[in-house]
Amino acid sequence: MTLATASRKLKRAARIILVGAPGVGKGTQSERLMKRFPQLCTIATGDLLRENVKNKTPLGQHAETYMHSGGLVPDPVILNLILNELSSRKWLETYDSTENIIAALGRGNGSASSVARASNSPDTSFILDGFPRTATQAQALSYLLPINLVLQLVSPVEVILSRLANRWIHLSSGRVYNVGFNDPKVAGIDDLTGEKLVQREDDSEATWRKRLAKFDETSRDLLEFYRARDKNMVVTVQGNSSDEISPQIFAEVEKRFGM
Ligand SMILES: *[C@@H]1O[C@H](CO)[C@@H](O)[C@H](O)[C@H]1NC(C)=O
């Protein structure tokens, strides 16, 4: 299948999240969406976290205290990272002080929605990556930002498992190869260093089945939250490969946000 490569313009802001099991190819779809719609970018909470820690911002230092003790970074801290990023990009048209918004978010009420308003300019379009993963997080995020498209990516479990079971890793760099997708040039050998690739113990099929089941459970509530807000918000796209999925999500974004 050939993918059309011509880029398209958006006429209003797209604020997208991709929901899909590990191994379904969310990263691939994000990259393809950004190529197709150059006004889209990715805001990845993992990256924001790493940058803030590296630059020793107050938020980064605060987050680090949780990371050092092996705990999860609490939702309000993640929301704060997103808020900071959006306001430094000037993508929130009006906003109260960060402290007031975070305080409102922390109380779990909706008053922040009256002080933070996302821009509707198509140049403020993005795919939010890494958050929200649960319905509770989605609820908290909704006070800050109206997500307007949720793309649920679905591949058969057996297809995902065979993909995951074929993962080979270069341990010292973390480079991942997928047999049948992005094969190493020489089987079992890292392209750049020539060192041996390994398969992780925790990449066993049984472990992945458990992870996928867990994912199904949390994502069910997340999707339900968005469906309850607007029955047209969630679009389910199925395919056995990234090439089957891409044209469908391109068409959906085009239909909703295209010129
Ligand atoms: C997708 O994968 C499933 C499960 O392996 C298989 O039954 C089905 O025929 C595949 N569909 C296509 C279009 O290849």
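Cβ coordinates are placed from backbone N, Cα and C, and glycine is handled just like the others.
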According to TrEMBL, Gly23, Val24, Gly25, Lys26, Gly27, Thr28, Val176, Tyr177, Ser242 bind GTP; which one of Arg12, Arg15, Arg167 is listed for that same site?
Arg167
Feature region 'NMPbind' in TrEMBL, mapped to one of the ranges 44-73, 104-133:
44-73
Go ahead and report the DSSP secondary structure tallies for the region 'NMPbind' (44-73): helix first, then strand, then coil.
21 helix, 1 strand, 8 coil
Given Gly27 (GTP binding site) and Thr45 (AMP binding site), what distance in Å do their CA atoms have, once rounded to a whole number?
14
Which secondary structure state does DSSP assign to Phe131 (AMP binding site), in the simple three-class scheme?
coil
